[in-house]
Amino acid sequence: MVAHNFRHAFFCAVITLIIAWPILGFKLVAEGTQITVNGASAFTWIAVAVAAFIVFLFQLFRDRIMGGLGGLAELNPMADREPMPQEKRVRLENIGLGVLIAIALFWPFFVSRGSVDLATLVLIYIMLALGLNVVVGLAGLLDLGYVAFYAVGAYTFALLSNYWGISFWMALPIGGLMAALFGLVLGFPVLRLRGDYLAIVTLGFGEIIRILLNNWTSVTGGPNGIGGIPDPTLFGMEFGRRVKEEGNTSFHETFGIAYAGEHKVIFLYLIALVLAIITAFAIRRLMRMPVGRSWEALREDEIAARSLGLSRTGVKLSAFTIGAFFAGFAGTVFASKQGFISPESFVFLESAIILAIVVLGGMGSQMGVILAAIAVTILPELAREFAEYRMLIFGAAMVLMMVWRPQGLLPMRRRQIKLKAET
Amino acid sequence: MLEVQNLSMRFGGLLAVDQVSLDVQEHEIVSIIGPNGAGKTTVFNCMSGFYRPTGGKILFEGREIQNKPDYKISRLGLVRTFQHVRLFGRMTVVENLMVAQHRHLNTNLLSGLVATPDYRAREQKALDRAAYWLERVGLMQQSNLEAGNLAYGQQRRLEIARCMVTEPRLLMLDEPAAGLNPAETRELDQLIISLKEDYNVSVLLIEHDMSLVMGISDRINVISQGRPLAQGTPDEIRNNDDVIKAYLGEA
Ligand SMILES: Nc1ncnc2c1ncn2[C@@H]1O[C@H](COP(=O)(O)OP(=O)(O)OP(=O)(O)O)[C@@H](O)[C@H]1O
Ligand SMILES: [Mg+2]
């Protein structure tokens, strides 16, 4: 046992050295047109050696350390408390939700423009994650190309406004439906694949859409993207300093207040908030409807579900399509917020981040997903100095989650149904 | 109502089912018995559409079903349980029963989102039917537990209830008594008879428990190594030399 641990620890330390040595030990320095390789300072070398030693020690005493940490959970006073009765929990949740929505409605009027902007982005990610949660968390289909539907929504709005001058409110449902249509068409041939195969094919689709957008220069502008995407209007009132569209009025003139850039930002935030709330409620209902139950059933046991008359393709397609619809929604809002989009915004990393939010939040749980979306979007902004380590922190967080809470921050709770005969 | 004609199923070099014929009439309990590996479950899998038979015909209420996909067959009213219980383990007991009833529900997305009267009425009816069957199989107390947390015998009963809420015409049970204690087996015995008598469902039963089979079957089919060995009433089967030989040879 000890010998085995020792060998394992030694092996891990060597791996650490092999990985850290070339990555941290050499620096490429540009001198004019030449690039030369410089060795790093002695300090770096010592740091690498110390790191390897720490890895060695940790692995050597791993069982004991992990055992000690496992005991920590018992320090949590809430750990073995009885679960609340459902009625009480639902009441508490509703009050909490109401307060949360009230705060969300009013706080943008008291904070800086930058924060509101960031909050809008958070809301967009919440919509995306809630939509992906349907596909991954509920239906159990690992979709690595979800960002493609986000892109479809964004580009639908951008192109419609560019070529036909269609407004945000018109484009919103069209963007969602367009993305849903893509989900349907792309989903049809691939949904008979399972697990890993499905993941790889969807990953491919995500890339195909992005590459298509990048190369179809005559229509999409290629890597240059599309600019001049209009902001949403409020009953025909624009939020810009000057009115751009014939027949529209301007918000600040109508109300006789001074022009302020914040109005537009706050308005966008409020739209995103309302849409996110609609998304959350719609999906919550869907989960309790026959279609939501069949997603879960198919995930739990496909053979049993089919033996009860559920069509595999039909059920999976509905999850895929509905998930895509909400991504299209989010994409439209995103295009309007940015005013400019390019394929850069729809790289695989985005899919990975949305998926990470779903996994961190607890597959299938809405509250968990919302919390995770907030954390994943805001933390990197708060810790800008660590921007380089963002991916590292991300990875570490995922690993820790898998060790301690594989079910996510807030795992899904089943709704209790009261049957009449019971009373 | 059900007629299987010369059914064959080949897996590569193995002929798992070879020219098996059987039939089930309305209001009848028919059993399939045979030693382990005889091909009984394979017959079920062909009938429920999981396998496409390599030969023969299956007629259900006059319609050929051997090439239909599984979910369409079950919608015709031919529903089965599994040798190894297959529940939706992380869903509650009631939810398991609700999933099974999707055909009776309003599955239109918009009517569900706005909860139209029709949607709510059907949902309530499905809940009532679920409650009825939970009462019937004695799982009312467990209605909100996750199905995966039930005791084994309870899981078996839930699986039968889940078939029954679909309102089938013919129920296929694959070793429903496996793993049950004697008391539970007796209850099962009563339940199966009542399915036939009170709910007018025909039953096709695979079972190793001979006292159960002999007690409740109207007719019995014996298969051995994929081939039909004998058919007849329990008394005929009990005294059939081939059957005795096959079972003694195995033991
Ligand atoms: N999908 C398959 N692929 C290959 N061979 C199979 C397959 N399914 C079943 N078989 C083979 O067919 C034969 C019959 O199996 P089957 O499960 O139908 O037996 P059974 O009568 O149900 O036995 P038991 O009483 O043990 O349940 C066995 O030899 C089995 O290995
Ligand atoms: Mg079997």
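All residue numbers here begin at 1 and follow the chain in the order shown.
Glycine is no exception: its Cβ is also placed from the backbone N, Cα and C atoms.
Heads up, TrEMBL stuff is auto-annotated, nobody curated it.
TrEMBL lists A:9-30, A:42-61, A:92-110, A:122-142, A:147-164, A:170-191, A:265-283, A:317-335, A:347-379, A:391-410 with the feature transmembrane segment.
Long-range neighbours of the transmembrane segment (A:9-30) within the same chain, counting only residues 6 or more positions beyond its ends whose Cβ lies under 8 Å from a Cβ of the stretch, are 36-40, 44-45, 47-49, 51-53, 55-60, 62. Stretch with the most C-beta contacts under 8 angstroms to the transmembrane segment (A:347-379), considering only A:92-110, A:122-142, A:317-335: A:122-142.
Within the same chain, residues 73, 356, 359-363, 365, 367-368, 371-372, 376, 379 sit at least 6 positions outside the transmembrane segment (A:391-410) and bring their C-beta atoms closer than 8 Å to a C-beta of that stretch.
Ranked by number of Cβ pairs under 8 Å to the transmembrane segment (A:92-110), the listed stretches A:122-142, A:265-283, A:317-335 are led by A:265-283.
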